[in-house]
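If you scroll down you'll find the structure; I have some questions about it.
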Amino acid sequence: MENSEGVKIESTVVSEEPLISALDIALFIVIITVAYFWYFKRDKQSSSSEKKPYTIQPSSLSSIEPTSNSSFIKKLKSTGRSLVVFYGSQTGTAEEFAGRIAKEGARYKMKGMVADPEECDMADLVEMKEIQKSMAIFCIATYGEGDPTDNAMDFYEWLQNGDADLEGLNYAVFGLGNKTYEHYNEIAIYIDQRLEELGATRVHEMGLGDDDANIEDDFVSWKEKLWESVCSHYGIEETGEESNIRQYKLVDCSEVLPERIFSGEISRLKSYENQRFPFDVKNPYLSKIAVNRELHKSGDRSCMHIEFDIDGSKMRYDTGDHVAVYPKNSSELVEKIGELLNADLDTVFSLLNTDEESSKKHPFPCPCTYRTALTYYLDITSNPRTHIMKELIEYASDPKDQEKLKLMASSSPEGKKEFHDWILHDNRNIVHILEDLPSVKPNLDHLCELLPRLQCRYYSISSSPKVHPKSIHITAVLVNYSTPTNRVNKGVATNLLAQLKPTNDELPQPTIPIYIRRSQFRLPPKSQTPIIMIGPGTGLAPFRGFIQERDYARKEGREIGEMVLYFGCRKKDEDFIYENELQEYVANGTLTKLHLAFSRDQPEKIYVTHLLEQNADELWNIIGEKNGHLYVCGDARSMAKDVHSIIVKVVMEKGQMTNSQALNYVKKMEQQKRYSADVWS
């Protein structure tokens with residue numbers, strides 16, 4: 001009965017239940033309400049955005065270098081251009097040179113454009129022949145130990161692995177390198193040869209720029225002959241028109257809201273307030289300075305041990321990597337420019353590319369104030385190049401200043417000598433030029449267009465992630481020196497770092513933007529492999545990390561190979577950095593031998609190279625008989641070259657080889673990563 005009634009009752013309830021319940025109605029009302037507010041709020045925002053009192057939007061990574069349209073051929077065709085200048089640049093110099101060539105193309109009836117190979121489909125080079133009197137020019141830097149720059153890596157690999165038919169492509173190559181490095185201009189040389197192998201036509205012989213000498217002079221000399229070859233090849237003549245055409249136009253941004261103005265970020269607006277992983281060259285990590293202490297015991301020089309806190313950043317590094325530090329110019333120099341040009345540094349402005357088809361809309365993040373641009377984005381301490389001298393001529397009201405600038409901007413022997421003596425030898429930067437040529441008063445926006453970008457500084461990491469996973473250590477010498485004009489020039493990064501000292505109170509700790517750059521400077525995969533490390537001065541930095549890592553392995557009970565360190569400095573009681581640490585590693589057996597050279601503690605100077613020659617047997621025993629690894633870190637101009645010569649000599653004598661055989665042996669060591677160098681000039 002109950003069951004029967006139960007079924008009946010249930011049946012009755014079902015039959016009497018309405019088709020739409022109260023809950024359904026409530027949900028429907030909520031959905032309609034949300035949709036209503038979303039639609040009208042969006043419409044209101046859209047309307048308000050149309051009424052914004054400014055037209056220049058803040059640049060970000062995507063607005064500076066968009067990647068949506070990778071076909072440079074389409075751009076050339078649609079804009080009636082026939083010249084494209086590609087650049088492979090790590091510091092901005094190659095990009096600057098590319099811009100100067102593209103700009104000059106107009107004088108030869110070749111409208112040009114600058115292109116980043118990383119942003120282009122380089123396979124489109126096969127279509128260049130479809131454009132009448134077309135040409136591709138490559139300004140390519142060689143970075144590190146014979147490596148392509150980051151933005152040219154894909155293009156380099158495409159040339160290596162592909163077999164495109166480039167017949168009909170006309171080209172020329174200018175390489176940027178440094179003769180103090182073994183692999184001088186290796187990438188440019190390869191690209192020049194490979195393009196010819198693939199059927200392209202070389203219009204002008206390759207130019208090689210040496211940054212250890214005067215790369216500006218090398219470039220200008222090559223460029224002049226380049227245009228002669230271009231005129232001959234295409235049967236054209238120079239128009240004779242040589243005007244200083246602005247690449248960017250000034251835009252007034254006084255009405256831009258404060259929260260839309262860049263204040264020093266590299267690419268993304270407010271990136272330092274809202275940090276996002278991963279961190280890289282375009283998105284650095286704002287790291288706290290955890291430790292900043294002096295390493296020198298006495299004397300008038302300074303060497304800093306600095307530790308960057310990376311706890312919580314998810315950043316990882318390997319022993320031997322580099323850390324990039326983003327500096328800023330001193331406020332004193334920035335204010336001086338404002339005074340010399342009678343400019344309001346707090347004016348908000350933007351520079352917009354006059355070429356609407358260019359992928360680079362702004363030379364640096366815009367909009368910003370002049371103070372921000374001169375502090376964070378522009379290099380105001382290096383020696384300006386000759387093209388800047390040329391652009392400054394029109395702003396000189398004194399005929400004497402005008403003639404001096406014209407002379408330095410010329411390619412005559414007298415002009416080159418004047419530029420070398422007055423700019424390079426006397427070490428003048430843009431501030432010094434404006435001081436010493438008082439009638440020269442350029443528009444500040446034009447000066448911002450001309451000056452190169454301020455680059456990050458790289459330091460060898462002097463710690464091991466095994467021992468210090470939450471911090472990155474560097475060892476940096478404070479750069480201060482007097483110039484022939486009795487001015488004191490200061491290193492941009494090291495002088496900034498010297499001021500960033502952590503405090504013991506609750507005040508916010510000093511910070512600086514950094515990111516990690518991977519390196520090939522690596523310990524052998526097996527901890528038992530013996531190694532020799534040669535690092536005078538701050539060249540010791542990466543080896544401190546090497547030793548820490550091997551010491552960590554030893555404490556874990558693993559077998560470690562011999563570790564021999566050659567270290568040199570001026571005086572034992574003055575600049576013997578990390579002395580106590582090194583002596584402790586010797587005492588516990590991690591460091592097998594420590595060879596020390598104190599150059600000024602005795603009448604005759606003794607360097608690490610002298611000790612290397614004295615220990616030829618030990619050297620050959622490790623690299624010849626035990627298949628060990630050899631590492632060099634420090635000055636490329638003399639020390640690293642001398643070490644290389646000594647190694648070849650030891651291999652000849654102890655390995656009983658001819659000079660040719662010894663050179664091949666050392667070359668093979670380099671190819672096998674058994675001979676590695678981390679050097680600078």
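Glycine too: its Cβ is placed from the backbone N, Cα and C atoms.
Positions annotated as transmembrane segment by TrEMBL: 20-39. Taken from TrEMBL, the feature FMN binding site applies to 89-94, 141-144, 176-185, Asp211. If you look up TrEMBL, you'll see 282-524 marked as domain 'FAD-binding FR-type'. Residues or ranges marked as FAD binding site by TrEMBL: Arg457, Tyr458, Tyr459, Ser460, Thr475, Ala476, Val477, Tyr481, Gly491, Val492, Ala493, Thr494, Trp680.
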Among all protein chains shown, how many Cβ atoms are found within 10 Å of the Cβ of Gly92 (FMN binding site), not counting that one?
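For Gly92 (FMN binding site), the count of other Cβ atoms within 10 Å is 15.
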Tally every other Cβ atom lying within 10 Å of the Cβ atom of Gly491 (FAD binding site).
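The Cβ of Gly491 (FAD binding site) has 18 Cβ neighbours within 10 Å.
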So what's the average pLDDT for the domain 'FAD-binding FR-type' (282-524)?
96
Please state how far apart, in Å and to a whole number, the two most distant Cα atoms are among Arg457, Tyr458, Tyr459, Ser460, Thr475, Ala476, Val477, Tyr481, Gly491, Val492, Ala493, Thr494, Trp680, the recorded FAD-binding residues.
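Result: 23 Å between the two most distant Cα atoms.
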Taking only the binding-site residues Arg457, Tyr459, Thr475, Val477, Ala493, which one has a CA atom nearest to the CA atom of Ser89 (FMN binding site)?
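Minimum Cα distance from Ser89 (FMN binding site) across Arg457, Tyr459, Thr475, Val477, Ala493 lands on Arg457.
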Count, for each of the binding-site residues Ala141, Val477, Ala493, the other C-beta atoms lying within 10 angstroms of its own C-beta, and report the residue with the smallest count.
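Least crowded of the binding-site residues Ala141, Val477, Ala493, by Cβ count within 10 Å, is Val477.
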Find the shortest Cα-Cα separation between Arg457 (FAD binding site) and the binding-site residues Ala141, Gly144, Tyr181, Tyr184, and name the residue that gives it.
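Closest recorded candidate to Arg457 (FAD binding site) by Cα: Gly144.
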How many Å separate the Cα atoms of Tyr181 (FMN binding site) and Gly491 (FAD binding site)?
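A Cα-Cα distance of 23 Å.
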Return the member of Tyr459, Thr475, Val477, Ala493, Trp680 nearest to Tyr184 (FMN binding site) in space, with distance defined Cα to Cα and candidates limited to these binding-site residues.
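Looking at Cα distances from Tyr184 (FMN binding site), the smallest one goes to Trp680.
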Round to the nearest Å and give the CA-to-CA distance linking Gly144 (FMN binding site) with Tyr459 (FAD binding site).
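Cα-Cα distance, Gly144 (FMN binding site) to Tyr459 (FAD binding site): 13 Å.
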Neighbour count, 10 Å Cβ-Cβ cut-off, for Tyr459 (FAD binding site): what number do you get?
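A count of 24.
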Sorted by position, what residues of the same chain at least six away from Thr475 (FAD binding site) have a C-beta under 8 A from it?
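In sequence order, the residues whose Cβ lies under 8 Å from that of Thr475 (FAD binding site) (at least 6 apart) are Leu295, Cys303, Met304, His305, Ile306, Tyr459, Ser460, Ser462, Thr538, Leu540, Ala541, Arg544, Ile577.
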Nearest of the binding-site residues to Asn178 (FMN binding site) by CA-CA distance, picking from Val477, Gly491, Ala493, Trp680?
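Spatially nearest to Asn178 (FMN binding site) by Cα position is Trp680.
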List the Cα distance (Å, whole number) between Trp680 (FAD binding site) and Ala141 (FMN binding site).
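Roughly 15 Å, rounded to the nearest whole number.
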